[in-house]
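I have placed the structure first, in the form of structure tokens, so that the comments after it can refer back to it.
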Amino acid sequence: MELSTARVCCVLLSLFTGLASGLEIISTGPTSIEKASGQSVKLDCRFTLAPEDSGPLDIEWSLLSSDNQNEDKVVILYSGDRAYEDYYAPMKGRVHFNSADPKNGDASINLTGLKSSDSGTYQCKVKKAPGIRSRKMLLIVMVKPSKPRCYTEGPTEEGKDIVLRCTTNEGTKPMQYSWERTSDSKVLPASAVLDPMGGTINVRNASASASGTYRCIASNRVGTEECILYLNVTPPPNTAGIIAGAIIAVLLILIIIAIILFCCCRARHRKKYEKEICNEIREDVPPPKSRVSTARSFTVGSQRSSLGSMSPSNLHEYALKPQYDKIPSSEEYERPPSHAPLPPPSAAKMAVPNLSRMGAIPVMIPAQNRDGSIV
């Protein structure tokens, strides 16, 4: 009974020894690596095989999820004597096996063109039945600071607190900021308070001596960047002068407005006065005797047309005729129609045919009332 028990123990010990001497990962490098973005890194994973490891060789590199609820992302594979390097789209063309034939014991990979998104825990898993081994490494891809921006906060006047600020949009924390003065004495003002983590420098109760050129340096473990700021501390403004100037300006504006209103009112009053005077003059002037002048011009025109058609042969006949075409005087026009003299009947009868023979055109003179209007 004791002999059989000893045999069982020997068999178990031999089996344990065989397993222990099988597939092993022999890499002893650091398990945490820090690199800057854009650089390259080698993740080491070398292994050894035992004679009893006779199954197919499988190598798998995966990026472990920081959240247990998400699945791990396989980055690169080696299976069936073939490497699958473009398995993970975000790292396509940037991840390769270090050895052309990983089955020789080198499962290491190289990552190029590192990005901040490449940061994480990587696991190398080697399988060859019946053995299986794995190794984890932490990769931290750090981003160097971007070009910082320097600016001031608050009024840059004497007696005020002036804050000089320096900020960067990109960069892996922790970030350190330092300020230095590059002009004059190259010493920060005595009242300056520096915050290296926030990137600010507070100059309390600033004076004109604080004016000058300042430089801010932003740095982390993978790089540095800087910016330049020129500070000009000016005297406080003359508040009393500004108020007095504002009051004078307001008064001038009011005076100009008053002058404009006065001129408008005066022009309006003058226009109204001229209109009233014009109406009074029109009421005093009697209506013009336009009918008399019209009749006169009409008669003169008829006489001129008759004279123009006469010839020397009949000129003596015209002289013997009564002068019906002469221009009547104003007294004759004003005389009532009942008292106006009438021409002799014989003369009236002789005038019409004689005038027709002379080529005169008969014209009818309209009748008029006593006031000169046409009936």
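Positions of Cβ are set from backbone N, Cα and C atoms, glycine also.
Quick look at what TrEMBL lists:
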- 1-22: signal peptide (SIGNAL)
- 24-139: domain 'Ig-like' (DOMAIN)
- 145-234: domain 'Ig-like' (DOMAIN)
- 242-265: transmembrane segment (TRANSMEM)
- 286-314: region 'Disordered' (REGION)
- 291-314: compositional bias 'Polar residues' (COMPBIAS)
- 329-351: region 'Disordered' (REGION)
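Across the range of the domain 'Ig-like' (145-234), the DSSP-based residue counts are 3 helix, 45 strand, 42 coil.
Helix first, then strand, then coil: DSSP counts for the domain 'Ig-like' (24-139) stand at 9 helix, 56 strand, 51 coil.
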